Amino acid sequence: MANLGEISVSAALNLLSAFAFLVAFAILRLQPINDRVYFPKWYRRGIRNSPRRSGVCVTRFVNLDWRTYIKFLNWMPAAFRMPELELIDHAGLDSVVYIRIYLLGLKVIGPLAVLAFLVLVPVNWKGETLEGVKNLAYNDIDKLSISNVPDGSKRFWVHIVMSYVFALWTFYVLYVEYKEVAAMRLRYLASENRRPDQFTVLVRNVPPDPDETVSEHIEHFFRVNHPDSYLTHQVVYNANKLAKLVQKKKSLQNWYTYYFNKYERTSKRPITRTGFGGVVGTKVDAIDYYSSEIQKLSEAEALEREKVLSDPKAIVRAAFVSFKSRWAAAVCAQTQLSHNPTIWLTEWAPEPRDVYWRNLAIPYFDLTIRRKSVRSFIQGFLPGIVLKIFLILLPTILMMMSKVEGFSSCSSLDRRSAGKYHLFLLINVFLGSIITGTAFQQLKTFLHQPLTEIPKTVGESIPMKATFFITYIMVDGWAGIAAEILRLVPLVIFHLKNMFLVKTEQDREEAMDPGCLNFATYEPKIQLYFLLGLVYSAVTPVLLPFVIIFFAFSYVVFRHQVINVYAQRYESGGSFWPDVHRRLLIGLLISQLLLMGLLSTKSVEKSTIALLPLPILTIWFHVYCKGRFQSAFVRFSLQDAMTKDTLERATEPNLNLRAYLKDAYVHPVFKGRIHFESPLLVPDEENNTLVLTRRSS
């Protein structure tokens, strides 16, 4: 076990390493050759130009202005200059709400650390119990923990009282934050510009009809049941195979552009090979070869497109249905359309960028079967293989499993994958370390103890694992955030692509792709640090400063990244916040249950009875917050919808909403190629009370 001096040395080395990473980042970001890696967001918006386009040869790659190096850390204050409202416009509400999670960590853990060091550390230090226990491995940090208080001591009531103080403070901060985020979401939705998803709902499990096509059946149903508000609809096609052909053709066109540009520069016909990557196979004229391959793919694409459009089996029993007002869309999305609750199922349509088109082709009936299958896989097979795979690959595997479950939006996939990853970290990293770590270190003690003493030893393992988690925070947390800001891997990949793979401007854009905030991976890790802070606040408070440094460091770094690097893949309006809130309360509940278990091994009379109200209060607080705020994240009030509709009719009386929505939810492979319009069964007249149909009934 590491002692306090060793931990201090390790902390100093890790802080110096993190500072070295920051210095490296500050220097690398000043070099013109790296400008596209560290400021890709501004390039994509057309605001920033490459500094390599002018000047002498050396200055195109290296910054020779020594004055810029004096203020090499000015990126830190710059990250705070953009106000939150401006940051929402710049990066979206999702990014701002995500950054607030780190700020929430400082608000929760900071005061807990102050109280713990002022009250609990002196109580623990004066216990002087560990020195009198034989055959027990401990270190200086353990002397500052609850383990140093003698069994049956009345000092444990200080820990019990402080656990209530910690819980009440956490409740207060979480309540205020939930209220603020909910208000931010409502303001964002109320002030946001017109978007297609405000007028559109996703309808699934459309029942079959023998006399009408899916499109006709949908139009008939909504013209009858929403006669004054229905506008148009777009049926969902299973175009997954067509999408693969389009993507392959795009790649071939890029190669054709590369070789054609090369021919124009050199006036010499380029040669390539027909095999993999153009390095194996028969030598052919590159321009003729790719032109021929593109022609073949174009023909195959046209045939597949015709097949998709003409084959009734290619139409999924789902559609994006748009209405003439936000109010009507809100009514449809939040009510039951049929007496049969299993058909005509509606939900708010995701933002067009947020749609995960591959999963829309899955029949609705299959979704329940798939989610049961994935749950069985996780419970029955995954625990046996997690020890055989790298932790870095696990988020990708969990995302693939979430895609199998059939969620229809990218934001839903991220939230579902984050839930799985959080469960993995909770069980395997946190609980697994507590249960197994001390067991290996004190195996000899376990073998010689009676069964009645084993729970006591396991209880002692909670505070004594503090040194392990301190090291974990420094290595995984501090080093991870330093690597995040340095972007060393993207930097290397960008330059390698520029040297070997970039052939056209399209390749350059793809090489410069900054990616986006990986919520499915980052948020569960934040929850782990929250859990460590909550668990050890009343047990081993010395761990808390390491958690605080992580949150402070992360807040600055990710604010910088959101402003300058990451692009928005979608915008959900902070809809993930209820999941964040729930997982934080799960961590608080676990900390309370572990403290109850620990004190039960310390011969503290009535400790269980004294602490029992805490988990009950936590569950009640969760239920209260869910009832108070969660509706803002799953529903849109009819009052707000009517207000926006009225304002829009007053400011834009000539708005052609049908033209605005006509291509919003067309599959990307069809956009710009064919115009979709739902067949009008009757003239589109406002006062027409009859709806023609081909149904024989």
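The backbone N, Cα and C atoms fix where each Cβ goes, glycine too.
Note: TrEMBL annotation is automatic and uncurated.
If you check TrEMBL, you get these features:
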- 8-176: domain 'CSC1/OSCA1-like N-terminal transmembrane' (DOMAIN)
- 12-30: transmembrane segment (TRANSMEM)
- 101-121: transmembrane segment (TRANSMEM)
- 156-175: transmembrane segment (TRANSMEM)
- 198-359: domain 'CSC1/OSCA1-like cytosolic' (DOMAIN)
- 370-599: domain 'CSC1/OSCA1-like 7TM region' (DOMAIN)
- 380-401: transmembrane segment (TRANSMEM)
- 421-440: transmembrane segment (TRANSMEM)
- 528-558: transmembrane segment (TRANSMEM)
- 607-625: transmembrane segment (TRANSMEM)
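Only residues 6 or more beyond the boundaries of the transmembrane segment (607-625), in the same chain, are considered here, and those with a CB under 8 A from a CB of the stretch are 156-157, 160, 163-164, 167, 171, 174-175, 178, 581-582, 585, 588-589, 592-593, 595-596, 599-600. Below 8 angstroms of C-beta separation, residues 144, 146, 158-159, 162, 165-166, 169-170, 173-174, 177, 523, 526, 529-530, 533-534, 537-538, 541-542, 544-545, 547-548, 550-552, 554-555, 558, 580 of the same chain, each at least six residues beyond the ends of the transmembrane segment (101-121), sit close to that stretch. Nonlocal intrachain contacts for the transmembrane segment (156-175), taken as residues 6+ away from its ends with a CB within less than 8 angstroms of a stretch CB, comprise 104, 107-108, 111-112, 115-116, 119-120, 123, 146, 149, 534, 537-538, 581, 584-585, 588, 592, 595, 599, 602, 604, 607, 610-611, 614, 617-618, 621, 625.
Looking at the domain 'CSC1/OSCA1-like 7TM region' (370-599) alone, the prediction's average pLDDT is 76. Same-chain residues lying 6 or more positions outside the transmembrane segment (12-30) and placing a CB less than 8 Å from one of its CB atoms are 38-39, 63, 68-69, 72-73, 75, 474-475, 478-479, 481-483, 485-487, 491, 549, 553.
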